[in-house]
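Q: Pulled these features from Swiss-Prot for this protein:
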DOMAIN    270-470  domain 'GATase cobBQ-type'
ACT_SITE  C351  active site, nucleophile
ACT_SITE  H462  active site
Amino acid sequence: MSDLVRSPARAVMVLGTSSGAGKSWLATALCRWYARQGLKVAPFKAQNMSNNARVVPGLIGADGAQPMGEIGSAQYFQALAARCVPGVMHNPVLLKPEADTRSQVVVLGEVRRDLAEVPWRERSEALWPHARAALQQLMAHNDVVVIEGAGSPAEINLHASDYVNMRTALAAQAACLVITDIDRGGAFAHLYGTHQLLPADERALIRGFVLNRFRGDAALLAPGPEQLQALTGVPTIGVLPMWREHGLPEEDGLYEPGGHTAAPGHAAQRLRIAIVAYPRISNLDEFQPLRNLPGVQLVWARQPADLERADWVILPGSKHSQADLAWLRAQRLDAAIARHAAAGGALLGICGGLQMLGEALIDLHGVEGGFDALGGNGPGLGLLPLVTQFDPHKLLRPTRASFGATHGVWAALAGVAFDGYEIHNGRSIQHPAMASALPALRSTCGDTIGWQNGSVLGVYTHGLFESPAVLQALFGAGCRTLDSVFDGLADFAERHFSLGALAGLLSPKQPPG
């Protein structure tokens, strides 16, 4: 069967010379730019590897039921930028790393445990039909599909089984851009090398090069772009200045050199928030609004000293709560966290972080077993009187939740309602033999999904800091709307691409001459 997707839709694909080159944010900008032209737009990434995920509607089953599924956060935001409803078709395969050599495999929103142990090359061939079918559906029902690649398309040791980059590009006959991070150095060599390592039929799809994170006078680039075009036949159609404050979460987290990031333009920090950066941290994108707040400093805590001057400490989500809890103890962060709580410092656990704050974690089914010889039953930090039991069934749901009568350092949250989402296997209950904790957060279904014990608060719901109501209650400040972020990205791309370049990508490639 031919891989070619036959459709009147046009596809624009963003490739990169490496991970972190800027593919995700540029794809998001293109989604909004094309949507603003009155076109029906959808994002697509055949396979994403990330523990940053969002809950979206899954496929409708034969019984008419529509379960919830999960996709990478980048494609979730790209769908919103495209003004379409995020769904599993936008990211048909999601790999969620659980250990250095193992990932949970999510196909069309559902966990496929049978594929977790399959060797990479064999698994890629099994997954490609799902990705191709999703791409075909999107191209059949949209005017433009904006596709994001992964890593580099020119990894010659992986190329034969790489369906995320050029196999997808060929199937969609996409107009491809290649973006590189010029701030790292070697940009022209990276672009030329990427181009030359691709077979001729794949090189023919490349319509433009993009230099990202450029500092200084663009005139200093000459004659580099002209010489590169003479060598490859591909023009450089965008030179994008360094821009840190675009407001979109980074695909792989918020890490910055020096271990912290401060709100831009505010030298005097009023509130220091330490987020424990364990190895299998997940859903980091939900902290982006904190990064944007004036007067807030985020610290990524990896050692006890990082917590010493913290006003707040946050234990974020985790893809493997017990392994990350063991790491936390090995770093002696457990004692530092306990001291912070004993001193009345605000301590927040979200999802996996909530589980770690409890008295015990019980894994009778081996849900978290088999990774790094960890799993089974183990003690928590003992700061919330809860017991968590892991269940093979993963709970995926969007959640409308309301805080009850929170008190102390969390009193401002009392009565605040917000929309979030849940992605977890564990179920936590308050053990009747233990000290009581105040049920602090309930879903509209009536479930208790948050507890408070003194200055310690644990919630299962992600998305707390993405709520304007929560930010107003806690910080007396609002946040930029996502729409304004997406429009800002589109405006930025429009200013820094060659005149007519973005619209020109939707036109058939003109033969040389």
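Every residue gets a Cβ built from N, Cα and C, even glycine.
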Q: So, in DSSP terms, is H462 (active site) helix, strand, or coil?
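A: H462 (active site) sits in a strand per DSSP.
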Q: Tell me the Cα distance separating H462 (active site) from the residue listed as 'active site, nucleophile', rounded to the nearest angstrom.
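A: So the alpha carbons of the residue listed as 'active site, nucleophile' and H462 (active site) sit roughly 7 Å from each other.
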Q: Quick one: mean pLDDT on the domain 'GATase cobBQ-type' (270-470)?
A: 91
Q: Which residues does the residue listed as 'active site' neighbour through Cβ under 8 Å, counting only same-chain ones at least six apart?
A: N283, E286, G317, I350, C351, G420, Y421, E422, I423
Q: Please work out the number of neighbouring Cβ atoms within 10 Å of the Cβ of C351 (active site, nucleophile), leaving out its own Cβ.
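A: There are 26 such Cβ atoms around C351 (active site, nucleophile).
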